[in-house]
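These features come from TrEMBL:
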type	residues	note
DOMAIN	74-153	domain 'Potassium channel'
DOMAIN	208-277	domain 'Potassium channel'
REGION	1-22	region 'Disordered'
TRANSMEM	71-89	transmembrane segment
TRANSMEM	101-120	transmembrane segment
TRANSMEM	126-154	transmembrane segment
TRANSMEM	201-221	transmembrane segment
TRANSMEM	255-276	transmembrane segment
Amino acid sequence: MEASSSSSDSDDDFFAPSSWPSTSAAYTLLPSNKKMRRSRTAPAMVSMEDLFKSPTQSVHQFGPTSLVRQAAFLLIIYLSLGVVVYSFNRDHFSGVETHPVVDALYFCIVTMCTIGYGDIAPITPLTKVFACIFVLVGFGFIDILLSGVVNYVLDLQENLLLAGIKAQGQRQFDHGHGRGGGLSAYIVDVAKGRMRIRMKVGLALGVVLLCIGLGSMVLYFQEHLDWIDSFYLSVMSVTTVGYGDRAFKTLPGRLFASIWLLFSTLAVARAFLYLAEARIDKRHRRIANWVLQREITIEDLLAADINNNGFIRKSEYVIYKLKEMGKIREKDVMQICNQFNKLDENNSGKITLPSLLQSHL
């Protein structure tokens, strides 16, 4: 009984946030009048610093930046290849010509974004084969990289917005005005530390409307279409429908479309993805509320009792509720347990600092 009680207390202490020491707090535990000296048999301080480093620090040093560079490099190669092939085979494509380079770039962007107006199309077997390979590569590889760049830019924008709101909340707290509330609480989910999904949807839809409006303006003033046809072609373009009854025919219009289509189609795809995410998030919150509000039953106790000792500890209860919410699976729990067993080489049921330091040597 004493062993089980001590085990339960250790679980309670573990899940209490106030009991989680930081690196600075660990050093303040030392007496202030004593200097910390390294023993000859103690590990080097470099290993200690490595332990307290976040595992994501080294990843972020060359993760997103290299992704942006790689996407830009491959996009330049992709478009350059398409421009070269089109420029030397202009007679093998049908359509209204304006400028060879602009027409080639316009054709590549329309093909890559899977719009397919039909105003420029291959007419020979060789160019048709090239178009098939070109669209498959663009749709299956380049678009994935560009989507990764868009995700990185949106995440960076979200982090900057969150940092600004947190700084504003800190200033309000320092001046005694409290924390949170108002517009900041509506935008940011403080508990989860991220922007609320409804705000993401609103921003994404705002970008979509901005893209459609910008395209409609250019089509009206540059392509000389009426407002209905301008709006119609703009919507058909950003949604990658592209019936082909309307298209860009002027040199400035095609030059604008080469840039506008590339970003607007990705923005629309991201907006619809946020809408789907909002629906899934709403469903998860409804399930989580139901799981947390319902009372525990005998069947729940037996299912949560991993050790089959007739009672459940806080750790077992938390794991069971997370599985019931669908946050984790039994397979995930087993993988974590296997990882713990690898670190716990002595089968003591705990990971100690000496054993962790020994594994880093």
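Glycine is no exception: its Cβ is also placed from the backbone N, Cα and C atoms.
Please treat TrEMBL annotations as automatic predictions, because they have not gone through curation.
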**Contact yes or no, the transmembrane segment (201-221) and the transmembrane segment (255-276), 3+ Cβ pairs under 8 Å, gap 6+** = yes
**Request:** Pull the DSSP breakdown for the domain 'Potassium channel' (208-277) and write it out as helix, strand, coil residue counts.
**Result:** 53 helix, 0 strand, 17 coil
